[in-house]
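Asker: Per TrEMBL, the feature domain 'Acetyl-coenzyme A synthetase N-terminal' maps to 26-83. The annotation domain 'AMP-dependent synthetase/ligase' is assigned in TrEMBL to 86-468. The CoA binding site annotation in TrEMBL covers 193, 194, 195, 196, 313, 525, 586. Residues or ranges marked as ATP binding site in TrEMBL: 389, 390, 391, 413, 414, 415, 416, 417, 418, 502, 517, 528. TrEMBL lists 533-611 with the feature domain 'AMP-binding enzyme C-terminal'. The feature Mg(2+) binding site is assigned by TrEMBL to 539, 541, 544. Here TrEMBL flags 611 as N6-acetyllysine.
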Ligand code: WT7
C-alpha cells in the first residue's frame, strides 16, 4: 500500500488550552463512549431540556433480521423548545440568525426572541391550515430566515418536514411530495442566487400537476422577490397574510424521542431517492454535541456553515445543532463567488465570523483564481475552518489553510452522510493533529471499521470498505415507508454492521482517509447523485436506446457527470440532440444533475450476460485508456476501441 506523506499539523497549544477536549480528554471520553455507551449518552442527553427525562438510553439492533434503532425511547422533548424557548431568559436578545442576502447590501440580524415569535406565529398558522402532529410538510425554499422558521415551526407542533433543495426540478419535487404524502408545501415566489431569480413557485405549480400529488392541498408562499407568479385560488396562501395575524405564543408539542423530526431525500446507487427518517431525541443530542466539540464552539462565537438547508449539513449545522447550543448562525442566501470571487472572505469580515464550515468544491473554485481572490478581506476574525461533502485533496486543504485561514486556523475535515445525522469522523481542534486529506479520528460513540470484500474485518493499517460497528444517536432510523429497503441498503452487505458505501484507508496512526464511494453514487460538488437516476432520466427521452453514467475527475466539482448514450435506430447524433438530452436531465432531476460530457456510443461494453462494464467506462471517461484490464469477458471487445477513439475528455 502506498503511504502518502504529507505534513502533519500538530495541535496548537493555545487552541488545546481553551478547547472542550484536549488529547487526553478526547482519549478518555472516547473510551468511555465505547465501553459504556449507556452512561455516556445518558449524560450527554442532559444537554437538552426534556419534558420527560429518558430512563432507557440505548436499544439498538443492526441484526439484518431485526434492524431496530431506538435512543432515549421513553423520553419526551420538543426540538423547537430546545432551540428557542430555553435560550430566551439568558440570551433572548442575542442574535440567533445573521442573514446575509445574495445582494451584499442586504442583511439582517434576528434575535432568539424574534425567532421564537416568528416560529410560534407560523406554528399557529400551520395549525389553522389543518397541519398537526405526524403530518408531513414539504419545504422548497430559498436560503432565507423563513426556511429555518418553517423547520422549527413544524418541529414545534410535531409535524415532520421534508426539505427539498431549490435546485431540484418539478418532477423531483412531485416524487418527494408523493413519497412523503405531504398535505402542504411551503415555498417562495422566487429565490435569488448569484443575481439570478429561480422560479420556485412555478416549479411547485408544475410539480403539483403531476399524478399522485393531489394529496397536497395547500401551498404557503413567502414573498421574497415580488416576481410574477400564477395564483391558484383556494390552494395558494400568502405566508405574510397567514402568519402576521397569528398569536406569538404556541405551546410546544411533547414529542417522544423516537417520533420523526424530518425526512430528507438522498440518492442511492439504485432506484429512486430514499427518504431517510430522522427522529427527535437522539438526533438533536448528536447534532448539538458534534457542533460543540468538532467546531469547538464557545459562547459568543459567530459561526457560518455555507451549506444549503436542502441538505443534511444545513439541517444539522445551520439550524438544529447551532440553535440548540444557543449559537449565532449565519445563513447566506447566495453563492460564494458572487458578486466577486472574494465574497466568502468579505462576509467573514462583515459579520466577524469565527468558525467557517464549507465544501472542498468552493475552495477549489477560489483556488482556480489564485491567492489574490481573497485580497478583498482580512479574515482576521477566523479561528477555525471546516470542510465537508467529499474527500478534500491535499492541495485544496493546504490552500484553505494558508490563504483562507492565514496559517492560524485548524481545519476540521468532517466525514459523514445524510444517513448519519451528524459528523462521524473528524479531528477535534484541541485534540487531533491534522493531516491534509484525512478526516482522522472517530467522534465519541462512533466505531468505524474496515472490511474486505469477503466481509473480514481488517486490523491495523488497512484499506477496504468503511462500516460502522454499532449505533450512534444521530443515525437515521429507517427509509420513510420502506424499512426493508433501509435494511437491504445498509445492513445486508455485511452482517450486523452499518455499511457506508465509502472506501477508506486507515494509516499507521489509526487515522482514517476516505477514498470515495465504492457504489454507483456520484459526488458532484458535494452533491450526491445516483447514476441509475440519471440513466433513467436519459432513457425517458425517445431518441435514447440506452445510457450509462459514470463519474470522472473534475478540477472544481470533484467529479463530473459523463454519459455514454446509445441512440435508437435512425436517430442522428447531433449537437442539437446533446442539448436536448441535457435539458431532459435538468427537467427530470434538476440543474444540479446537468451532464458535463455526453459521448455517443454505438454500443456499450457488456459482459456476455449483458452487464455493462462500468469499470471500463470510468477509465475511458477519465482518459486513462492504458491498462483497461481484462476485456476478454466482453461480448464484443471491439466496442471498447470505438469508445476510446471517440472519447471526449482528453
Ligand atoms: C457522502 C455523503 C453529510 C455531509 C454532506 C454530504 C462523501 C462527505 C466527506 C469527507 C470524504 C466525504 C462520502 C459520503 N463525503 N464528507 N469529509 N471526506 N468524503 O452528505 O450527500 O449524504 O453524502 O459524501 O462519500 O458517503 P451526503
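Yeah, the Cβs are placed from backbone N, Cα and C, and that goes for glycine too.
Just so you know, TrEMBL annotations never went through curation; they're auto-generated.
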Asker: Could you tell me which of the binding-site residues 195, 196, 391, 544 have their C-beta within a distance under 6 angstroms of some atom of ligand 1?
Answerer: 391
Asker: To the nearest Å, how far is the Cα of residue 414 (ATP binding site) from the Cα of residue 313 (CoA binding site)?
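Answerer: Residue 313 (CoA binding site) has its Cα 11 Å from the Cα of residue 414 (ATP binding site).
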Asker: Counting all other Cβ atoms within 10 Å across every protein chain shown, which of the binding-site residues 539, 544 scores highest?
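Answerer: Within the set of binding-site residues, the most crowded position is 544.
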Asker: Considering every residue in the domain 'Acetyl-coenzyme A synthetase N-terminal' (26-83), what is the mean pLDDT value?
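Answerer: Over the domain 'Acetyl-coenzyme A synthetase N-terminal' (26-83), the predicted model scores a mean pLDDT of 98.
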Asker: Near the Cβ of residue 313 (CoA binding site), how many other Cβ atoms are there if near means within 10 Å?
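Answerer: Summing over all protein chains shown, residue 313 (CoA binding site) has 24 other Cβ atoms within 10 Å.
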Asker: Nearest by CA distance to residue 193 (CoA binding site): which of the binding-site residues is it, out of 416, 418, 541?
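Answerer: Looking at Cα distances from residue 193 (CoA binding site), the smallest one goes to 418.
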Asker: Quick one: of the recorded positions 416, 517, 541, 611, which has its CA closest to the CA of residue 194 (CoA binding site)?
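Answerer: When the Cα distances are compared, 416 comes out closest.
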Asker: Please state whether DSSP places residue 586 (CoA binding site) in a helix, a strand or coil.
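Answerer: DSSP assigns residue 586 (CoA binding site) to helix.
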Asker: Just how many other Cβ atoms lie inside 10 Å of the Cβ on residue 416 (ATP binding site)?
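Answerer: Taking all protein chains shown, residue 416 (ATP binding site) has 25 Cβ neighbours within 10 Å.
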Asker: Which numbers of helix, strand and coil residues does DSSP report for the domain 'AMP-binding enzyme C-terminal' (533-611)?
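Answerer: The breakdown for the domain 'AMP-binding enzyme C-terminal' (533-611) reads 24 helix, 27 strand, 28 coil.
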Asker: I need the neighbours of the Mg(2+) site defined by 539, 541, 544. Which other residues of that chain put their C-beta within 8 angstroms of the C-beta centroid, in sequence order?
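Answerer: After dropping the recorded site residues, what remains is 537, 538, 540, 542, 543, 545, 546, 547, 565, 581, 584.
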